[in-house]
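In TrEMBL this protein carries:
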type: ACT_SITE; residues: Cys318; note: active site, nucleophile
type: ACT_SITE; residues: His715; note: active site, proton acceptor
type: BINDING; residues: Cys178, Cys181, Cys198, His210; note: Zn(2+) binding site
type: DOMAIN; residues: 156-265; note: domain 'UBP-type'
type: DOMAIN; residues: 309-762; note: domain 'USP'
type: DOMAIN; residues: 558-607; note: domain 'UBA'
type: DOMAIN; residues: 628-668; note: domain 'UBA'
Amino acid sequence: MSVIDDFINLQIPSVIFKDDCGYCYETMYNDDFTTSHCLNVCLHCFQSFCPEHTTLHRRVTGAGSNGCHDFYLKLSKVKKADVGEPTEKKLKLEINEKSEDEVYDSYWSLIKGTSSIADNQTQGLDPKVTNKVKNILQARSSNFQQMANSWQLEVKACEHVKSFTVSAGAAQDVGKNCADCDLGNNLWLCLHCGHLGCGRQQVGIEGHSHALAHFQQHPDHPLAVKLGSLSQSSADVYCYACDDEVHFDDSKVWVQALAHWNIDIGDRVAQEKTLMELQLEQNMNWDFQMVDSQGHDLQHLPSSAEFGCGLLNLGNSCYMNSVLQVLVNGGVFTWSLKELGDFPADVVYVSSNLKCQLLKLRNAMTVEPAKYSQGVKPTTFKRCIGGRHEEFSSGRQQDALEFFSYFTNLLDKRVFNETSSNPNDLFRFNVQDRLECTKCHSVKYSSQSYDYLQVPLSENDEPQELSERISSYFAGEDVSFKCPYCKEMVTAVKSSGFQSFPKTLVVSPTRIKLVNWMPVKNSQEVLLPGIETADTSTLQLGAFKSHGFDSEKERLLPENETNEFKPNVQCVADLLEMGFTENAATKALFYTNNSGMEDAMNWLFSHVEDPDLNEPAVLPTNTYEAEMYNPQELEDMVSMGLDPQLCRKALILNQGNVTASVEWVFNNLDDDGLIVKETPVKKEDQMYGFSDESLANYSLKAVICHKGSSVQSGHYVAFIKKQVGEQTKWVLYNDEKMVVAEDPMNIQELKKNGYIYFFNRC
């Protein structure tokens, strides 16, 4: 069989990795009327590679047991001469009204080994060859498919789908053009009678709504399917009666409905975008125009080794872009992916390999950023990072701080576990908590490592000093505590301090507060040193050093190795007088942490039907332990109408964070409120950073800002101090755009919308 025959007989997948090279961000698009940019689509694995990395792909596959991948379709798209400026990513608010085929001419060449077998200029080619090339060109790109999937809405079967029956009679063929205007695309097939009509006119897509007109004339024909986007993995079915996209739950009926019109979805390759893809494309076409307070454009900076390169927004990926710019572009001192080395020589499917995509992004941002003057699309990177995570694999906006924590922890587990050092340790530190009983003055110390410091802001609209908020964070607070010495619930003072300091301190002011039980972001102004580039003052944290246990002045509280529950004697007596049994009273007091009569009675009334209520109390062992919570915070939560027992548990589990505690209660309404103590794993606590408080002076290096009323919406950008010419200036990274941001309006953004601050040790 010849090479041409092999090509004709290829099974083309509905989705192909063809947006950019698997190893770099080279694409097939040319805006200079040449074919200098091209991609080789591997016809073995359907990944794409630039000419330079095609050699690497051959070498990697040649070393494996399945043989060298040496069969490629070389593709290049050249902008047509009569088309305006490129619109790959718009810098102003505009909409692309032309399809890709209207903007670019396509050139191709079939390559076997190092020889060109045929190209678009070859005379007398079998039409099956050009059709196969067309199928590859029109197959969905993996990046766009992934984004569309992440934006996928829930499409359900309506009453018209559920009552649909396949037309009787012999199978019939459908036409190739609209029955009313001869349009050859954007065609919708009526599943009831086979009428072929064009769809509605949309941005960049011609249409005259003849499919809709057919329904208006035949109201009993509501269901239609778009032929151009139909394939084994996609289908646009629209119900004109419901005016919504719908879905056939019964796949058998769906296949039969198409078969009646001689359509076999197993052989179809989608040639047009789905409704969801069109919606996503339109969403991505909106952008911001950045100007200063005088209305002048900000100074744009070129992609370079000094400033890196921009990252295009994939549709609500600004939270990820901002975190990546700060980490890779100098926000965290010496944080680097350099130790990952080169691309592994044993990975064939690089597009789905996390390490390969990290290296691809690292090279673009730090090694050769000048190649990408328009920025890069980190789509395959986002797919690898998001994985199966429900939120970070979606197209929804996310909390940048949550992503920072998720991303760095993921690197710990899957990447840096194989390197000699972990750059994430640069921002890690240890905090030591001190608990002192106010009755016997015994103390207890515990320590924990942190990636960032989250400090609450005051409940007012006045400007607040960050140093004062940090001081308040480390100041003592009264908590309820069952003292092992005093054998009763007492008031204790809990305070904290740095046990060690990080090289880069990450600070996030808590800008989320509850308004009518809903989390709302505020824009309180935060004052901090170094916000003006001319300000050389520093954040000094040495005063917050914890010096640990002093054996000469303090007595340690004993560890609670056995925690036998003893119910409040008076409460038991009162409950017995009310007619409850001792077993029931004991259970009620146990499950309400001995908190008093009211809680115990509420528990009893809600469990009065339990068949074993009066059976001997068999209580879980090793569960009752010294618990700490702020009584005022508990009272605030209870005043919201929440269950007191759940509120106590939530505050203990979330270390007094009220916002997180409220969210925990709403997510665990069926919880029994019992706090089960896990047996700790005996291991030596890892210490990070340095302990000398005289060195704990920090200068502001980067800020991630968020503008919007909620962290799940709005827009994130990153500010990083850079050397611009001979001066240090703020550089704003707004997705793919990089500009000098010294305008007073930008400085105000840093104060009012700063969401994560990065301080490097001086």
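Every residue, even glycine, has its Cβ placed from backbone N, Cα and C.
These numbers come from a predicted model, not from an experiment.
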- Note on the structure: DSSP composition of the domain 'UBA' (558-607), residue counts helix/strand/coil, works out to 29 helix, 0 strand, 21 coil
- Other same-chain residues whose Cβ falls within 8 Å of the Cβ centroid of Cys178, Cys181, Cys198, His210, the recorded Zn(2+) site, in sequence order: Asn177, Ala179, Asp180, Asp182, Leu183, Leu187, Gly197, Gly207, His208, Ser209, Ala211
- Item | Rounded Cα-Cα span from Cys318 (active site, nucleophile) to His715 (active site, proton acceptor), Å | 7
- Message: Quick check on the domain 'UBP-type' (156-265): DSSP residue counts for helix, strand, coil, in that order please.
- Response: 22 helix, 19 strand, 69 coil
- Item | Rounded Cα separation (Å) that holds between Cys198 (Zn(2+) binding site) and Cys318 (active site, nucleophile) | 37
- Measure from the CA atom of Cys318 (active site, nucleophile) to the CA atom of Cys181 (Zn(2+) binding site) and give the result in Å, rounded to a whole number. 43
- Among all the protein chains here, how many other CB atoms are within 10 A of the CB of Cys178 (Zn(2+) binding site)? 22
- Whole-number Å value for how far the residue listed as 'active site, nucleophile' lies from Cys178 (Zn(2+) binding site) (Cα to Cα): 41
- Could you state the CA-to-CA distance between His210 (Zn(2+) binding site) and the residue listed as 'active site, nucleophile' to the nearest Å? 40
- When you measure from the Cβ of His715 (active site, proton acceptor), how many other Cβ atoms are you left with inside 10 Å? 18
- Message: Given a separation of at least six residues and a C-beta threshold under 8 Å, show me what packs close to the residue listed as 'active site, nucleophile' in the same chain.
- Response: Gln397, His715, Tyr716, Val717, Asp735
- Message: On average, what pLDDT score does this prediction assign to the domain 'USP' (309-762)?
- Response: 86
- Report, as a single number, how many Cβ atoms besides its own are within 10 Å of the Cβ of His210 (Zn(2+) binding site). 20
- Task: Out of Cys181, Cys198, give me whichever of these binding-site residues has the highest number of other Cβ atoms within 10 Å.
- Result: Cys198
